[in-house]
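This report concerns only the one structure given below.
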Amino acid sequence: MTLITPPFPTNRLRRMRRTEALRDLAQENRLSVKDLIWPIFITDVPGADVEISSMPGVVRRTMDGALKAAEGSRDAGHSRDLPVPLTDPAVKTETCEMAWQPDNFTNRVIAAMKQAVPEVAIMTDIALDPYNANGHDGLVRDGILLNDETTEALVKMALAQAAAGADILGPSDMMDGRVGAIRQAMEAAGHKDIAILSYAAKYASAFYGPFRDAVGASSALKGDKKTYQMNPANSAEALRNVARDIAEGADMVMVKPGMPYLDIVRQVKDAFGMPTYAYQVSGEYAMLMAAVQNGWLNHDKVMLESLMAFRRAGCDGVLTYFAPAAAKLIGA
């Protein structure tokens, strides 16, 4: 696009900023409640259904709390929820069998949500870390994370979530080939209409800390995740990952984290034109909330500005812990 800008005073850019009505006419991007996906922390661990200290205003929810949250999502108009489990350490193992049990707590919550509030689209997180004794997203042997064996486990996990009623599967593990394996398994099992939102460009970021506290993975994690999550210095690699996942059957793609990687969002959207999402992760949320609590930033203004940045960068939607608060301000 070639920009043609007449010289001043023929062109006075402030003309279209003079009143709110004129500013609205010139506004290029808009934020809607339909752009929001709400990650909800869930737990059946006794006494764990409390506010998460590193994420002010965010709580872990029992089954009843999760169902009320889904009802709230429907009523507010952001009818897309992602239940994320805090798993009892007693059931975590290095083989992660609980991840694909049909009656694990996550799958029970998915089924109950779909029965109680069928209008809400349920997205899932497919990775082994909530069930892994060593805190990793995949199976580990002799200090090495096993790609192909992990993919087999993720397929079983995806099938169990699909059977429970999930609408969108979200493989977040960053194993090579897992999107294709999950897509083939869905077709073979008759789940041809279940969508895959691939965490295609997930970086080995320092912004995940509060999330790992929320799901009890911080103390369990042995080492780091740099052998499977992306180097924060890389951008061309993100495009290769996205291209591969689209070819393997992803219906939507995600960049994670969000705000520090909006350049990646823009590149992905421009290159592929696919439905593109980003995750405003726990560290981003905690950073803004800490400034709000100290009186340094205005909660509502900084929340909406941060979410608008995702839309301006090319996101079709945002996974954000701000979803309920943002929905109240935006309105249906």
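Each Cβ is built from the backbone N, Cα and C atoms, and glycine gets one as well.
According to Swiss-Prot, the feature active site, schiff-base intermediate with substrate maps to K202 (among others). Here K202 (active site, schiff-base intermediate with substrate) comes close to S172, M174, Q229, M230, M254, V255, K256: these same-chain residues lie at least six apart in sequence, with C-beta atoms under 8 angstroms from its C-beta.
When Cβ atoms from all protein chains are considered, those within 10 Å of R212 (5-aminolevulinate 1 binding site) total 18, not counting its own. Mapped onto three states, the DSSP output places R212 (5-aminolevulinate 1 binding site) in helix. Per Swiss-Prot, 5-aminolevulinate 1 binding site is recorded for R212, K225.
DSSP classifies K256 (active site, schiff-base intermediate with substrate) as strand under the three-state reduction. The active site, schiff-base intermediate with substrate annotation in Swiss-Prot covers K256 (among others).
Under the heading 5-aminolevulinate 2 binding site, Swiss-Prot lists S282, Y321, citing similarity to another entry as support. Around the Cβ of Y321 (5-aminolevulinate 2 binding site), 28 further Cβ atoms fall within 10 Å across all displayed protein chains.
Summarising the environment of S282 (5-aminolevulinate 2 binding site), the number of other Cβ atoms within 10 Å of its Cβ, over all protein chains shown, is 25. A sphere of 10 angstroms centred on the C-beta of K256 (active site, schiff-base intermediate with substrate) encloses 24 other C-beta atoms. For K225 (5-aminolevulinate 1 binding site), the count of additional Cβ atoms within 10 Å of its Cβ stands at 21 [all protein chains shown]. When the Cα atoms are compared, K225 (5-aminolevulinate 1 binding site) and Y321 (5-aminolevulinate 2 binding site) turn out to be 23 Å apart.
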